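The structure appears below as structure tokens.
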């Protein structure tokens, strides 16, 4: 694979500034790194942390952690990858292998974790470097743009749902019909659950049912928790809402020993302990996953025909893609492509 001297990248140069597309000298990988020729990179809400230095990566920084491409160069000490192989990378950008989390196999919880697109350069670029321990095997036949969101949004919902141990056949409610929510509905349905979608407005019901929801709750029509309880309640409520005010009512819709799974960074989340204690309810968070988890999520999606619904943007329109994601103009997921 021939390599250029320079490559294009979309970069945050200063705190709070918009993305700038520029040419930069191409760097070759270190001993334990891989150079990826990027095909597609999803645009995630958490990319905003890169814009505001939320994880201390500094500037300039290339965001993006839903990366799919092909191996362009293999580092001298990397043994299990070859040039031309399909490869991906998600939020998890590397780990130390020595902390308690790593010793238990929870590499994404590493005390010294690296984050693609936040503490190191990410995938809003024609090429990017990743650490070999963060690399994800991607099937050669899948569409890069459709599968890129699986590496964060899909992985997060898949890995969190399977780790809260809800029995097949139970009811799972999914609050929010965006990038995470539209994949959560599909994963939950394919896992064998009765799925109740919760969103605002009657116009979203058709899309929710097309994705696999068995029931739809319009939260504009009344308390979402009370409506969920009227449908029999849920063993699990998955929420992607950004405010605590939207999340708290869901507790009313949980059954005995029900679980609330929070997959967002909500502001002002206040929980009333009385109902939690009375009914044995619990609140859970889950930090995405590591490469093996991502490969499970991709394999499950491929085997069960789960599909990300995406809107594509060329790299030159990276700022437009980012703004469209933040404003909600993109219904499900924006993806930057290098075509």
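Yeah, the Cβs are placed from backbone N, Cα and C, and that goes for glycine too.
The following features are taken from Swiss-Prot:
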{"type": "BINDING", "residues": "44, 65, 66, 152", "note": "Zn(2+) 1 binding site"}
{"type": "BINDING", "residues": "65", "note": "alcohol binding site"}
{"type": "BINDING", "residues": "99, 102, 110", "note": "Zn(2+) 2 binding site"}
{"type": "BINDING", "residues": "176-181, 196-201, 204, 263-265, 287-289, 295-297", "note": "NAD(+) binding site"}
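Sequence features annotated in Swiss-Prot and their locations in the structure.
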{"residue": "44", "record": "Zn(2+) 1 binding site", "contacts (Cβ under 8 Å, 6+ apart)": "65, 66, 149, 152, 153, 179, 325"}
{"residue": "99", "record": "Zn(2+) 2 binding site", "contacts (Cβ under 8 Å, 6+ apart)": "110, 111, 112"}
{"residue": "176", "record": "NAD(+) binding site", "contacts (Cβ under 8 Å, 6+ apart)": "198, 199, 239, 240, 241, 264"}
{"residue": "196", "record": "NAD(+) binding site", "contacts (Cβ under 8 Å, 6+ apart)": "171, 172, 173, 174, 213, 214, 215, 216, 217, 228, 231, 234"}
{"residue": "204", "record": "NAD(+) binding site", "contacts (Cβ under 8 Å, 6+ apart)": "177, 197, 216, 218"}
{"residue": "289", "record": "NAD(+) binding site", "contacts (Cβ under 8 Å, 6+ apart)": "90, 92, 108, 155, 156, 158, 159, 297"}
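In this view, the densest Cβ surroundings among the binding-site residues 102, 297 belong to 297, judged by other Cβ atoms lying within 10 Å. The secondary structure of residue 204 (NAD(+) binding site), as reduced to three states from DSSP, is helical. Summary of the Zn(2+) 1 site environment: with the site residues 44, 65, 66, 152 set aside, the chain residues having Cβ atoms within 8 Å of the Cβ mean position are 41, 42, 43, 46, 47, 64, 67, 90, 91, 116, 117, 148, 149, 151, 153.
According to DSSP, residue 289 (NAD(+) binding site) sits in a coil region rather than a helix or strand.
Look at residue 179 (NAD(+) binding site): DSSP puts it in a helix. For the binding-site residues given as 65, 199, 265, the lowest number of other CB atoms within 10 Å of the residue's CB is seen at 265. The number of other Cβ atoms within 10 Å of the Cβ belonging to residue 179 (NAD(+) binding site), over all protein chains shown, comes to 29.
For the pair residue 265 (NAD(+) binding site) and residue 102 (Zn(2+) 2 binding site), the C-alpha distance works out to 24 angstrom. Other Cβ atoms within 10 Å of the Cβ of residue 110 (Zn(2+) 2 binding site), summed over all protein chains shown, number 19.
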